[in-house]
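J.: Feature table excerpt (TrEMBL):
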- A:12-29: transmembrane segment (TRANSMEM)
- A:49-71: transmembrane segment (TRANSMEM)
- A:91-116: transmembrane segment (TRANSMEM)
- A:123-144: transmembrane segment (TRANSMEM)
- A:196-217: transmembrane segment (TRANSMEM)
- A:247-267: transmembrane segment (TRANSMEM)
- A:287-306: transmembrane segment (TRANSMEM)
- A:353-374: transmembrane segment (TRANSMEM)
Amino acid sequence: MLGLGKKDFTLFLAVAAITLLAPFILNPFPTGSGLAQFNAGYPDLMQRFVIYGIFAIGFNILFGLTGYLSFGHAAFLGLGSYSAVWMFKLLSMNVIPALILSVIVAGLFALVIGYISLRRSGIYFSILTLAFAQMAYALAYSVLTPLTNGETGLQLTLDDPRVLDGGGRPTSLPVTELFGMEMRDTASLGLGAWDFTFGVGFYFCAVVMLISFYLAIRIFRSPFGMMLRAVKSNQQRMNYTGLNTRPYTLAAFVISGMYAGLAGGLLACMDPLAGAERMQWTASGEVVLMTILGGAGTLIGPILGAGMIKYFENIFSKINDAVLHQWFAALPDGLEDFLVTIIHPFIGKGWHLTLGLMFMAVVIFLPGGLVEGGQRVGRLFRRRDRKAGGAEAQAAEQRRTPAE
Amino acid sequence: MGILEVKGVNKRFGGLQALGDVNLSVAEHTVHAIIGPNGAGKSTLLNVLVGKLIPDSGSVMFDGKSVLGRKPHEINQMGISRVFQTPEIFADLTVLENVMIPCFARRDGAFRMHAFESVAREGDILGQAETMLADVNMLDKAHAHAGSLSRGDKRRLEMAMCLVQEPKLLLLDEPTAGMARADTNNTIDLLKEIKDKRPITMCIIEHDMHVVFSLAERITVLAQGTPLIEDTPDNIKGHPKVREAYLGEAQV
């Protein structure tokens, strides 16, 4: 279906279903209950899940397939945001032209940066990309202030020309829209104790992510994708097989840069301002974490990793001591204080600590990321089934394996 | 005129004359062995042939065209494939994918942006790769991880990857180095089979005299970077100059 194999198509459908039903799935706890703070089903956060999902999907095409670890992809994210905001200022509040420009600008910069950085591999490549990203950050922060509005960040103003939207000077700042549908519009649905919110912005981002994911699956299963995996495996053999590795890696770099630009553009579509901090090395590092946490080189891993990190960032950081006291209120006072003291460093502002420990655990015990974890659990269940079903199931398993 | 013509090639590394005035002519559809003691310049010569090293002077013509200054992938596209001393394969890919990649390289050239086609629909390429694997008796391992193969199978796979490109010239760099006798004999049989099945020119660099005398039709003896003698195996056997070069260490 859609040019995908049966397995991939099922995966795609599953991701599509989960994404589109996210407002329900991520809101499992009734509003007002003690656990409601673990709900992530509000548009603002869900948008971030899918946008960073796009960023990580693209990064995975470079890092997961070719093994080239770029440490400067946030530069393309930032470029995408700046381009989109400029489009809002000059042309129209419609998000389509903004996204198109984001992708093109990020792609062009990726072509130049990739052409230079890919002359080296391994750690030297990573350092080169990091250097480029930090230069971009410094330029955006100070030197190029007329273009980027320096540390304040690029914003919409009342006297922007906006050639297409034209007509009369607005009295309030306009909002981003898609042919009349405002991105910030939401609809609510109350079901018993639950409240569900559906945002136009989230659904727009979700559709863009699904398209990006679909394209990524096609790339993974194409001869081009196979060549990229071959680059990771053995460049020497590539060359002696008559293949020029440079254009393959450059194409992968540009594609992943365009994904990053698209993600940056979407961030600006959801909230039309762009700041230099979006290009900082921490942002580049974050996408590396997302990809590795989820499982580099796997289709679904980067999306899982992006969701996981953004969830921790937004939900764990909101838990504070008062909340903890509430949870452990039933315990004797001494024990309650003791537990709160122990857990305190890992929550609130300390959420990085939790994330760091989790990341270490994944790298050490599950080098294949969360996806490998899932596979192991799956295998465990299958093995149990086999024990129960005896020789028959075992034979079936053996028949299945070569076909996979 | 041979398919490969090396004329007056010199290569110096600092004070060491690695190759001194090397002339070599490999005739089409023959198996030509290059032998010589350690440090004779065999590997340097091979690296010149595949574009990894550029000689200080001299010319290397393949099929009427110069290979000098061309990159390894360009030289491969001209029709020279190389088998390495330790098998160079794509260890992270499956055996079938390993053989499909050279098929793509042959059909699409050094680079093609086929990002939205599906590998599963490349019937021709799949067919070619499977036929090749059947030829080297590896079809049953087609979906195995190449990295998990035994050393002998890795060697077979690497040969298959080279042969599926139907190269005009196959360069083999000590294909049996470090192998057990049984594996060596298997490799000899495989190479003999290849030679009988298709019109191919082979150039073998080898230490093992058993391999050389089982396969070669012409032998060039290299010593201290210079060809000492070039003749048929029968004439090379027991030639006083060859004995001298090896200082009696080999049973020639």
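Just so it is clear, glycine is given a Cβ too, placed from its N, Cα and C backbone atoms.
For the listed features, I'd like the structural context: burial, neighbours, distances.
T.: Residues 68-75, 78-79, 82, 109, 113, 116-117, 150-151, 276, 279-281, 284 of the same chain, all 6+ positions outside the transmembrane segment (A:123-144), place their C-beta atoms under 8 angstroms from a C-beta of that stretch.
The list of residues near the transmembrane segment (A:196-217) in space but at least 6 beyond its ends in sequence, with Cβ under 8 angstroms from a Cβ of it, reads 2, 4, 8, 11-12, 15-16, 19-20, 22-24, 27, 41-44, 46-47, 50-51, 53-54, 57-58, 60-61, 95, 99, 178, 181-190, 259, 262, 266, 269-270, 299, 303.
Beyond the ends of the transmembrane segment (A:247-267), by six or more residues, the same chain brings 47, 51-52, 54-55, 57-63, 65-66, 68, 70, 73-74, 76-84, 95, 98-99, 101-107, 109-111, 113-115, 117-118, 205, 208, 212, 219, 224, 227-228, 231, 274, 278, 287 to within a C-beta distance below 8 angstroms of the stretch.
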J.: Rank A:12-29, A:49-71, A:91-116, A:353-374 by Cβ pairs under 8 Å to the transmembrane segment (A:287-306) and hand me the top one.
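T.: Per the Cβ count, the answer is A:49-71.
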J.: Would you kindly list the residues that approach the transmembrane segment (A:49-71) from elsewhere in its chain, counting only those six or more residues past its ends and only Cβ-Cβ distances under 8 Å?
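T.: Cβ under 8 Å, 6 or more out: 19, 22, 40, 77, 117-118, 121, 125-127, 129-130, 133, 202, 205-206, 208-209, 212-213, 216, 219-220, 225, 228-229, 231-232, 248-249, 252-253, 255-260, 262-264, 266-267, 270, 281, 284-288, 290-291, 294, 296-298, 301-303, 305-307, 309-311.
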J.: Residues of the same chain, at least six outside the transmembrane segment (A:353-374), with any C-beta under 8 angstroms of its C-beta?
T.: 289, 292-296, 298, 300-301, 304-305, 308-309, 312-313, 316, 345-347
